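Going by TrEMBL, these are the annotated features:
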DOMAIN    2-241  domain '14-3-3'
SITE      Arg55  site 'Interaction with phosphoserine on interacting protein'
SITE      Arg128  site 'Interaction with phosphoserine on interacting protein'
REGION    230-258  region 'Disordered'
COMPBIAS  238-258  compositional bias 'Low complexity'
Amino acid sequence: DKEELLNRCKLNDLIENYGEMFEYLKELSHIKIDLQPDELDLITRCTKCYIGHKRGQYRKILTLIDKDKIVDNQKNSALLEILRKKLSEEILLLCNSTIELSQNFLNNNVFPKKTQLFFTKIIADHYRYIYEINGKEDIKLKAKEYYEKGLQTIKTCKYNSTETAYLTFYLNYSVFLHDTMRNTEESIKVSKACLYEALKDTEDIVDNSQKDIVLLCQMLKDNISLWKTETNEDNDNDNNNSTNNGKNNIENNSLNNINIKESTENNINEIKTNSDK
């Protein structure tokens, strides 16, 4: 029964028992269902929190391995390599399970375009996570394929540029361009375009989504700043002053003019489950 499965998902979400929650989602993915926004949020939290912690551990292990190589600590390096291998296997299993889960939802339902984008993004993201582990070219191409499917879905669907689904897709797509495709110039271009369009439409933001929009826009801004520093683009070319200055003015004024209550740490953590940066 889908109502019972949803209820069990919600209860496990309350206690952050994402492993058990994921099992109920797998059952739910085989049932015809009209998913509501709060139910999509459940899937987001489960899939991101379930694997996010392990991805964080994996990055820490890689950092420690590099440090031990510098000081030639062979004993620690060997232990860390065992942990890295074990954790990479766990991440690959979780990623493949999440991709299968999303594909089951898509195959067993006729969703509206926005819900299709939701699952397409999850699939693309998790192929990207797999590529972080194994570096295989065919996996990178799969991630690219699904991000491009997402772009096509956006083109055929009327999206408000301040919708969180739109912003999170472009945020993660820009990370893919930068981290996976190594195309910093394009990642900056995509991020700027998304941010510019969103900040032009700040008057359309619904009150209860303001804090989410501001946080996502700030993440885009932070990535742009970081990536521009990498490519020595901090100082804009004076020849591009008219267009860029207009964009910069909108960017600076719009974020400052959105009046929201100060976000709590929980608000920030919840939004960060929707994106990578």
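Just so you know, glycine gets a Cβ as well, placed from its N, Cα and C.
Between the C-alpha atoms of Arg128 (site 'Interaction with phosphoserine on interacting protein') and Arg55 (site 'Interaction with phosphoserine on interacting protein'), the distance comes to 12 Å.
A C-beta separation below 8 Å, combined with a sequence spacing of at least six in one chain, links Arg55 (site 'Interaction with phosphoserine on interacting protein') to Ile91, Tyr129, Glu132. Around Arg128 (site 'Interaction with phosphoserine on interacting protein'), taking its Cβ as the centre, 25 other Cβ atoms fall within 10 Å, counting all chains.
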